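A quick write-up on the structure given underneath.
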Amino acid sequence: EKIKICLQKQVNSSFSLHNGFGGNLYATEEKRMFELVKPKAGASVLNQSTWIGFGDSRTDKSNPNFPRSADVSVKTANKFRSLTGGSLMLSMFGPPGKVDYLYQGCGKHKVFYEGVNWSPHAAIDCYRKNWTDIKLNFQKNIYELASQSHCMSLVNALDKTIPLQATAGVAGNCNNSFLKNPALYTQKVTPPXXKCGKENLAFFTLPTQFGTYECRLHLVASCYFIYDSKEVYNKRGCDNYFQVIYDSSGKVVGGLDNRVSPYTGNSGDTPTMQCDMIQLKPGRYSVRSSPRFLLMPERSYCFDMKEKGPVTAVQSIWGKDRKSDYAVDQACLSTPGCMLIQKQKPYTGEADDHHGDQEMRELLSGLDYEARCISQSGWVNETSPFTEEYLLPPKFGRCPLAAKEESIPKIPDGLLIPTSGTDTTVTKPKSRIFGIDDLIIGLFFVAIVEAGIGGYLLGSRKESGGGVTKESAEKGFEKIGNDIQILRSSTNIAIEKLNDRISHDEQAIRDLTLEIENARSEALLGELGIIRALLVGNISIGLQESLWELASEITNRAGDLAVEISPGCWIIDNNICDQSCQNFIFKFNETAPVPTIPPLDTKIDLQSDPFYWGSSLGLAITAAISLAALVISGIAICRTK
């Protein structure tokens with residue numbers, strides 16, 4: 001007796017329909033193309049091989065109490081240039097009795113965790129009771145220049161020429177010594193014949209290189225005394241006070257001249273010392289000062305100014321019972337491109353009150369890893385391009401955009417059954433199993449989607465009648481990816497310029513940046529909608545080709561025992577081919593594996609340079625589809641006599 005065996009429709013109401021370009025899908029499940037990510041609080045880096053840290057005892061491996069004294073891991077401590085008791089400002093000025101460490105090193109991203117050793121607790125005087133304002137200005141200049149340089153170094157000995165009448169001086173309020181920078185020089189005079197002394201003329205040279213470190217710009221402390229009145233300085237009738245630095249052309253670049261500038265007018269009778277931070281190019285400079293006193297620059301920090309990169313400043317404060325300042329915090333917040341890491345609780349150490357704080361260890365644990373994005377809001381290492389909330393600037397790397405969860409397109413998942421495509425770009429193959437808008441029937445295929453985005457099905461189908469070549473899909477991906485990049489390039493340039501200018505008190509610029517980023521997010525969501533439709537078509541056509549191969553295999557296995565009378569239907573004589581014979585022909589998985597479509601592995605990679613300077617919108621969408629068709633045990637067939 002002859003019977004007709006056909007593949008039977010298997011879609012029910014539990015399936016959802018997904019429309020795509022080139023084919024549609026029914027699916028038992030669905031999932032969002034990307035999940036929202038949440039930034040992790042604290043510091044991290046984009047590349048472990050291109051960052052350097054500058055620290056003190058809390059990052060010093062040579063500290064006898066390490067690692068209990070540290071706020072970082074052993075791995076991270078290896079990246080720091082540190083010495084217990086040190087700080088960049090201590091090395092700049094060299095107050096007597098304090099640690100003097102040669103800070104130098106190179107890295108695209110610089111992390112600063114130091115500063116606490118010069119704070120009110122240190123009680124440094126030397127003609128100034130409160131150094132916090134000078135520290136604020138110093139740290140701000142360090143962060144600014146570090147963000148534009150690959151290498152930086154302390155220059156701890158400048159070439160200089162001192163007038164013969166001047167000798168090194170000391171001060172009682174400076175431990176009967178004085179700072180290493182500036183150095184104090186005095187003239188010994190004998191009233192009344194030589195009561196005033198001679199005007200001082202000195203020279204110093206800022207080098208173009210210090211050791212192996214190139215110096216294109218120097219940070220110099222221009223220090224001078226401040227007198228409340230002419231009478232305070234001019235007790236001997238020696239005219240007005242001045243201390244001025246000139247460049248080689250005679251231009252004033254620093255200092256104070258009370259011959260043209262007024263005195264403070266306060267009632268004090270003891271001078272104070274002020275130090276302005278000035279940025280100077282290499283060269284020879286002259287210093288002129290009024291008789292008796294000369295403050296001479298002896299040190300600088302030099303920067304090569306070769307590469308822009310991120311700067312992270314970590315809040316550096318004491319534990320209980322020691323007075324701290326917040327100059328590091330204020331300096332970073334007022335410097336474009338500086339990310340500040342702040343504690344929420346008082347510093348509580350493990351080794352002692354001031355070393356080994358658990359909260360700080362957690363905030364700095366991200367330095368052990370590489371992140372895709374670093375920002376003031378924290379760091380992200382997930383590949384999703386979306387986050388629930390806007391990441392605060394500054395930010396660097398491939399940073400996600402703010403989006404609402406419901407706005408992210410969904411893709412089919414779980415059990416997938418394709419329908420035929422109607423897209424005009426898909427040509428008809430020589431042989432098709434399923435007509436236009438027919439549901440795939442009979443066999444269920446599981447599509448395993450390993451990531452979020454599939455290939456673009458652009459190009460010609462194979463002459464054998466199924467699918468799209470991997471090469472043509474990749475070319476489609478490349479074309480659309482390039483088109484999207486072209487559309488983004490002008491916006492990226494504008495964002496880069498904005499990030500160069502943005503600071504925490506420029507609210508208008510921040511608002512504009514936020515508006516642009518929101519527009520970028522909406523545009524990306526639109527792009528993903530297109531990608532989702534292409535993905536659906538990709539899977540649909542791929543499964544159709546697999547079914548075509550399956551039908552061909554059925555016909556080949558049947559030989560003369562079954563005759564294909566239409567796509568997906570065969571006539572068989574059950575007197576000749578009994579049940580076991582039919583099982584061999586139709587129930588593949590019980591006897592042999594079903595031939596499956598080769599995995600589709602096509603990618604889209606829309607990204608900027610991972611060190612894209614200042615870009616809050618550097619973005620990467622990297623994903624792949626690996627598609628495998630598997631036959632579920634128990635073929636559903638329709639038999640008619």
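Quick reminder: no glycine exception, Cβ is built from N, Cα and C everywhere.
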Candidate cysteine (Cys151, Cys174, Cys196) that Swiss-Prot pairs with Cys126 in a disulfide: Cys174
Selected residue, Swiss-Prot feature N-linked glycosylation site, from candidates Asn47, Asn117: Asn47
Disulfide-bonded cysteine for Cys223 as listed in Swiss-Prot, from Cys151, Cys196, Cys275: Cys275
Disulfide-bonded cysteine for Cys302 as listed in Swiss-Prot, from Cys196, Cys215, Cys373, Cys399: Cys215
Euclidean distance between Cα atoms of Asn47 (N-linked glycosylation site) and Asp352 (active site, charge relay system), Å: 33
Asn381 (N-linked glycosylation site) and Asn47 (N-linked glycosylation site), distance between Cα atoms, whole Å: 12
Residues of the region 'Esterase domain-2' (297-351) by DSSP state, where helix covers H, G and I: 7 helix, 14 strand, 34 coil
Helix, strand and coil totals (DSSP H, G, I; E, B; other) for the region 'Esterase domain-1' (27-137): 25 helix, 25 strand, 61 coil
Among Asn130, His355, the most crowded of the recorded positions [Cβ within 10 Å]: His355
Rounded Cα-Cα span from His355 (active site, charge relay system) to Asn130 (N-linked glycosylation site), Å: 25
